[in-house]
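Asks: Just lifted these from Swiss-Prot, have a look:
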type	residues	note
BINDING	Asp28, Ser53	Mg(2+) binding site
BINDING	Tyr172, Leu173, Glu174, Ala175, Gly176, Ser177, Gly178, Gly203, Gly204, Gly225, Thr226	sn-glycerol 1-phosphate binding site
Amino acid sequence: MQIKIGEVESKLNEIIEEEGAAYFVLIDPDEKNYRKIANHVKNYADAIIIGGSIGIINLDEVTKEIKEITGLPTILFPGNVDGVTKEADAVLFMSLMNSKNTYWNMTAPTLGALTIKKYGLETLPMAYLGIEPISKTAVGFVGEVNEIPQKKPEIAGIYSLSASYFGMRWVYLEAGSGAEYPVNNEMIGISKKLSGINIIVGGGIRTPEVAYEKVMSGADVIVTGTLTEKDPKAVEEMKKAIKKAGMDKLKMLSKK
């Protein structure tokens, strides 16, 4: 049986192959200024991911509006089984692999699976890994994460390899929304090298310079959220840095 990859994932893979990296903007549906944020980022992001760690209100309405405003692929990033709507294009179908609670490893995605099928949403199979200092953030608390220490990059690498063996095509290395510092470069590089699948990096990425480093280290996708909420104009410079790094990375790889 041939594995079917949907339209959204195919488009994202195309961007990564041709431009070296993609830029996702995370919009919390509970954010009061989501319309303003959506209007600004529509010319810079490659996709919008929609989700939050704690209770979501009016997800259908917000997702539909964001999709209409941006015209970009809208991908759900569900914090729980209630974080799914038929108004989106796709969903990050994920396992929080290093949670201490099996609910977040397997039960939550299993409970949401039938709804996803009913809505006809495209799924992007993904391992979600909580990296230090995620325990100090909302997702770390809610998800009961046994965070991976930054000084042990090989642990993230092994988890990423395991994810690839499970058939997942994406790994999200997450330091947490508003994290004090981002996932380190060595961890990103090892995770990419061992798994060979798409690596998403988010949390604590506040400057274009840091985003550039992460892409050059092996990240295929950079996610910003809190930064976008505080300074929507920052996304323009962030995109420039990510795309420059992507092309520089492709040139570097072509010489090997």
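The backbone N, Cα and C atoms fix where each Cβ goes, and this holds for glycine too.
Are these features on the surface or tucked inside, and what touches them?
Replies: Using a 10 Å radius centred on the Cβ of Asp28 (Mg(2+) binding site) and all shown protein chains, the other Cβ atoms total 22.
For Thr226 (sn-glycerol 1-phosphate binding site), other Cβ atoms within 10 Å of its Cβ number 20.
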Asks: Among Tyr172, Leu173, Glu174, Ala175, Gly176, Ser177, Gly178, Gly203, Gly204, Gly225, Thr226, the annotated sn-glycerol 1-phosphate contacts, find the widest CA pair distance and round it to a whole Å.
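Replies: Farthest Cα pair among residues binding sn-glycerol 1-phosphate: 17 Å.
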Asks: Calculate the distance in Å between the alpha carbons (Cα) of Tyr172 (sn-glycerol 1-phosphate binding site) and Asp28 (Mg(2+) binding site), and round it to a whole number.
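Replies: Cα to Cα, Tyr172 (sn-glycerol 1-phosphate binding site) and Asp28 (Mg(2+) binding site) are separated by 17 Å.
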